[in-house]
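Here's what Swiss-Prot has on this protein:
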type     : residues : note
COMPBIAS : 486-495  : compositional bias 'Basic residues'
REGION   : 472-512  : region 'Disordered'
TRANSMEM : 38-58    : transmembrane segment
TRANSMEM : 69-89    : transmembrane segment
TRANSMEM : 121-141  : transmembrane segment
TRANSMEM : 159-179  : transmembrane segment
TRANSMEM : 181-201  : transmembrane segment
TRANSMEM : 232-252  : transmembrane segment
TRANSMEM : 268-288  : transmembrane segment
TRANSMEM : 306-326  : transmembrane segment
TRANSMEM : 368-388  : transmembrane segment
TRANSMEM : 390-410  : transmembrane segment
TRANSMEM : 587-607  : transmembrane segment
TRANSMEM : 612-632  : transmembrane segment
Amino acid sequence: MAQRSPQELFHEAAQQGILAQPQPWWKIQLFMWEPVLFGTWDGVFTSCMINIFGVVLFLRTGWLVGNTGVLLGLLLVSFVVLVALITVLSGIGVAEHGGISSGGVYSMISSVLGGQMGGTVGLLYVFGQCVAGAMYITGFAESISDLLGLGDIWAVRGISVAVLLALLGINLAGVKWIIRLQLLLLLLLAVSTLDFVVGSFTHLDPEHGFIGYSPELLQSNILPEYSPGESFFTVFGVFFPAATGVMAGFNMGGDLRDPADSVPLGSLAAVGVSWFLYIIFAFLLGAVCTREALRSDFLIAEKVSLVGFLFLLGLYISSLASCMGGLYGAPRILQCIAQDKVIPALAFLANGKGPNKTPVAAICLTSLVTMAFVLVGQVNVLAPVVTINFMLTYIMVDYSYFALSMAHCGLAPSPEPVPRQGPDTLHCSEHLLQDRAPSYGSDVPARSLSEGTLLEFTKDMDQFLQPIEELESRQLGSREGNNPKNQKRKGKKGAKQTLQDSFLLDPGSPLSFPTRTSERLSVAFCGEQESYQKQQTSRSESHDHLVPDLRNQPRVNREDFFLKCRLQEQEIQRRPSVFYACMCNPWVSLLGALASLLIMFVIQWLYTLASMGVAALVYFYIGQASPGLYLGSASNFSFFQWMKSFLVPSCRSLRSAQEQIILAPSPAKVDMAMTQLTQDNADFATRDRYHHSSFLSREQLMPPY
């Protein structure tokens, strides 16, 4: 019977089948469940779509088209998605070299730029997630208060606090319930989007500005016409949080079965689908509604929908799901920062509960910060704060990939990328249970293979106690030997052979593995094991080799064996060519970082300077509190030195080729003065003069220039 994987979304049924099979006593895990791991579509794609579909899409798309017009609005939406796409590609490029862990953005940046910079950007990203969650909850509370006829600001705040506490309980229940709820919410969002598209050409509502399709209306809405106090960059700052959920897949790397494949595919698919839906929303609203209704009525899309209740349901669900996504990713980043001891004051956040290491303390802390910003109670005030923090994070992700590429291509030899680790991949030089224990934090590559007494104990027990099937086969093979007639024919076994049979050891191989796990070993070791079994079978058939001479057998060098296995594993685990590899360009990442930096100052230069000042303070504080952090794989690359190498030669006056003269180095002019130690004597006149000494001063050795 094939053994089913327990790492599924609904794994209770699979667990029953697995627990029914007998296991050795040293492998039984009491009071412990297997961690729940997810894939590309149920994990990454769902989380990204839930985070991208937020309040901004349902409440501010019409306002965007009313100010910028249809043409410029489509360009603005495409530009926002392009900035997010460049960041996703940069993150994929960094992850291809360093892997993906549960730390997400923090782990990527700290592995490239060092723990000090990674901790700074990670804290800013967590802060931005908290503010974004407050913005989503506030938008949800505004809609509920308008629906109930409550215009008081404290009613909005009360609803927001109640919703935040409910989402806090769901997050504390575990990641399994978060993903299950997200699948249902994504289905309801698809229904509400379809309701909006169908309603745009099935009915009209002229009283609220919904007059239907007409070429004249589309022509009047094609050009921008801003409201008083608004501009292109203010509209951009309000709409940019619509693309802040693209990094949600990177933040859940520790809860994925194969993050190296799931994160790139799921993130790119979510960005493409989101861009298409944004274009549909913006074009349809500009083609069927008047400009006055678009700029004044934030719920104009609800009038366009066929069933207004379904659209409001999608709005409420998107608000809750986006906030829940922020409450999921931010605490795990804080947990990784605490586990790496970047900030000693946050050490109490390192512990987790359950098999998935749910960060309970970090979830409570981020919920308190979100509740503090819920008291602001205005979406347009919170949106620029979210924009600045997320753009700072995106700038650092883009720069990380650029610095990593420059450090590996220009200043240092390019190492081989980390091979993709599948769920069933097991190397012969690793522990047998290494793939069963998921890793959390950004220090996974630095861990030694010898850590963990449980793994060592299990491996030792597997070496000494072989499976039951092999024992039964040996018993069947030895029935003939138990016959008294056959026992007389056989000679007496030697001491070495008796010891080998009693402990079931294999003296010919450096390692001994159980039969059930032999299918997961590398090709090299399997070949050696099969050849050795054939040799043992041939020896048992002959009577002349009952006691093998182990001293004459060549022993396999342990280091050579592991080196051979690693070389063959590199050939087997070589990464296949993927379609998104050609899109990861360091120069595009640098251009995206510079463009994002410029847009930050244009949107809100005051918020930008304040955020940079806070980032500088946190950076220097981490340097003082934890001076021994990892420097990063791109520590030998300096952006200012790189700029200097380009700018300084261009600023100097270039000399012609005829004026460049190359002189060969001339040896130093040193005068040798001989001093005779003894007087001349005729007795030794035939001998050569030996034992002479000379003294050279420092000035004589150094010629004058």
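From the backbone N, Cα and C atoms, a Cβ is placed for every residue, glycine too.
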Top partner of the transmembrane segment (587-607) among 69-89, 121-141, 181-201, 268-288 - counted as Cβ pairs under 8 Å: 69-89
Range from 181-201, 268-288, 390-410 with most C-beta pairs under 8 A to the transmembrane segment (38-58): 268-288
Highest-contact recorded stretch vs the transmembrane segment (121-141), from 232-252, 268-288, 368-388, 390-410, 612-632, CB pairs under 8 Å: 368-388
Highest-contact recorded stretch vs the transmembrane segment (268-288), from 181-201, 306-326, 368-388, 390-410, 612-632, CB pairs under 8 Å: 181-201
Segment-segment contact (the transmembrane segment (368-388); the transmembrane segment (69-89)) at 3 or more Cβ pairs under 8 Å: no
For the transmembrane segment (306-326): best-contacting stretch of 69-89, 181-201, 232-252, 390-410, by Cβ pairs under 8 Å: 181-201
Residue numbers, six or more beyond the limits of the transmembrane segment (390-410), whose CB comes under 8 Å of its CB atoms: 83-84, 86-87, 89-91, 93-94, 97, 105, 108-109, 112-113, 117, 121, 124-125, 128, 132, 240-241, 244, 247, 584, 586-587, 589-590, 592-593, 596-597, 599-600, 611-612, 615, 633-637, 639, 642
Long-range Cβ neighbours of the transmembrane segment (69-89) (under 8 Å; 6 or more residues past either end): 218, 221-225, 232, 235-236, 239-240, 242-244, 246-247, 267-268, 271, 274-275, 278-279, 282-283, 286-287, 391, 394, 397-398, 401, 580, 583-585, 588-589, 592, 595-596, 599
